[in-house]
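For reference, the structure is listed below as structure tokens.
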Amino acid sequence: MAQQLPCDNDGVCLICKTTPSSDQTLTCNTCVTPWHIACLAINAQSSSSNLWECPDCTTLVDAGAPAAGEKSELVAAIQAIEADATLTEKQKARRRQELLSGKEAAGDKEDEEERNEVGGMINANFKCCVCIQLPERPVTTPCGHNFCLSCFQKWTRQGKNTCIKCRFSIPAKMASQPRINSALVAAIRMARMSMANSTGGQAKISHFVHNQHRPDKAYTTDRAKRNGMANAASGRIFVTTPSDHFGPITAEYDPVRNRGVLVGESWDLRMDCRQWGIHYPHVSGIAGQAKYGAQSVVLSGGYEDDEDHGEWFLYTGSGGRDLSGNKRTNKDQSSDQKFESYNESLRFSCKKGYPVRVVRSHKEKRSSYAPETGLRYDGVYRIEKCWRKVGKQGFKVCRYLFVRCDNEPAPWTSDEHGDRPRPLPTVKELKPAVDIFERKESPSWDFDVEDNLWKWKKPPPTSQKPVRDAETGDIQNARIAIRKAEKTASKDKLLKEFSCLLCKNVMTLPVTTPCAHNFCKSCLEGKFAGQSFTRERSRGGRTLRSQKNTMTCPACPTDISDFLQNAQINRELMDLIEKLQESSKEETDAPAESPAASSEEQVKENELSNSEGEAKTVEEFPEASSEDPDKENGLSNSEAETKIVDKKRKEADAKPTKNKKRKLTKTNC
């Protein structure tokens, strides 16, 4: 019998070395392999049948069948895979490969290793020096070693102000008030998300996109009498939620991005925060109505009684200060606070168990969970208790216990899941408190055990405000911009997180200051080049004791002069950056498998974004869209069209039109 061979991956017959058309090929129903009908010695008459089996599969059935009319287990398993409608074509191909090779599909392992590559790098480089695990709420010492926030605080509370690993001295201010390293938080979260994706999870996208037609930032109108943000107007509201909307901003209220406002998104100003419906008031820290409830609050450090513990915090109500006349701000309290107006709205939300959106501001300097700049959305919290007590300034203040209850993880954690019900913390100030109020009825927003998420157990309150609708043209333009902004690799995203705050490039020889800011060592030293750490003083010919010069961090007001005298390179961070750069360079230098395997989505986006320019080119130079003899010389369609357009533009520039000549004549006159 003549040798039977199928077509290869490029569709070329292995016998006659030609590329047959689809009408001249026959695809096996079992192994999905194309065969050239003209080169088939048998079964050629079955070309019209959809249940045709190639000679290889027929031989396999005949050799493995224990009885006539029965198929082997291998062929039966392959046909079962083909009949499974829940699998995609790619999944079917991988399962067939796994069965035929007798082991796991190589593609699955390669994909899993690629997804876990970033996670493996971070696991190998970052460990807490106490618990030897990935740091939770990572804190980096000036010597470049990483700790969990809880491990670091446990170590320093024992009076030990030296690093547990290298015995390097820890500044007293850092020991008493450690700051979380936000760059490490992003890196660890990305590692855990990549490992979750390898098991079938979906990666979350958290990125901000600008509107196309209206100002993205607050702007000053022509009616404003003064410049600056005091008289500025808010930009466009991007979401379709009413101003009294309770709970998270989900995808159904976000027609532009179609994903809602995710935890961790940040803005520069209150007005920018307002544009996404998270917190509407420009100045007030509480958004709510006394008989309706509170929708959101902002932690901005306005009251010294506030206590922030991340997953729960104690919040002070508003009022009790003299703001008469033109006093816009006043930190001195002059009267007792009462449960009225905004304070009553918070108590109403406590009574009903409504979710309250929480925004943290960089102005809260006493909190380890505040962002470094701007304002950040940290998810929804629920008010469990409220009371009144005598504050630090001697007057009664309204106090509220907020406990986090969001389905998304907090920005300071590297967990891939959100909150779970937790016991209420012990609050010592409740003993001398008065007017204590605690919810007795079941909350409207609660955790569902069956669905394993937080959701509305009771219908949310009916809105009393109008809803803003979005325009179709704005949505389409914004979606194009979103797709362009989100097409970056995970390694490139991680490298951007490790950028120097001075040169804005990926750090070389990184150093971490006691205030948890990362810089290139050369950039930081160059910032203070020529400045001495001390200055000599003299008076009346007598030499006085030298005085220390204050050198503030370029990103915050912290004095880092002691750190600059012996700045230590963060070796763990430097090793990770070098590994990521080497890996990205290898991927860039690797030859492409197929030059025709360009992304169709990217081509469509380029066509959409350049549609106006292309239409104008075709209108002015119609010959550019016609056939050209350059294609026969080996030029592609795009290269030939580009060549023609450039030629026509040169001719048009060389020969001015009548209108141009007229303008030149008028100018000369």
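The backbone N, Cα and C atoms fix where each Cβ goes, and this holds for glycine too.
According to TrEMBL, the compositional bias 'Low complexity' annotation covers 591-600.
As annotated by TrEMBL, compositional bias 'Basic and acidic residues' applies to 601-619 (among others).
Annotation comment: TrEMBL describes 620-630 as compositional bias 'Acidic residues'.
Taken from TrEMBL, the feature compositional bias 'Basic and acidic residues' covers 640-656 (among others).
Annotation comment: TrEMBL describes 657-669 as compositional bias 'Basic residues'.
According to TrEMBL, the domain 'PHD-type' annotation covers 10-60.
Sequence-remote contacts of a segment are chain residues at least 6 beyond its ends whose Cβ falls under 8 Å from one of its Cβ atoms, and for the domain 'RING-type' (128-167) they are 122, 174-176, 178-181, 184-185, 188, 191-192, 310, 368, 412-414, 511-514, 516, 563, 567-573. If you look up TrEMBL, you'll see 128-167 (among others) marked as domain 'RING-type'.
Annotation comment: TrEMBL describes 256-404 as domain 'YDG'.
Taken from TrEMBL, the feature domain 'RING-type' covers 500-556 (among others).
Residues annotated as region 'Disordered' in TrEMBL: 534-557 (among others). The DSSP breakdown of the region 'Disordered' (534-557), given as helix, strand and coil counts, is 0 helix, 14 strand, 10 coil.
Per TrEMBL, the feature region 'Disordered' maps to 582-669 (among others).
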Confidence summary (mean pLDDT) of the domain 'RING-type' (128-167): 86
Residues of the domain 'YDG' (256-404) by DSSP state, where helix covers H, G and I: 17 helix, 54 strand, 78 coil
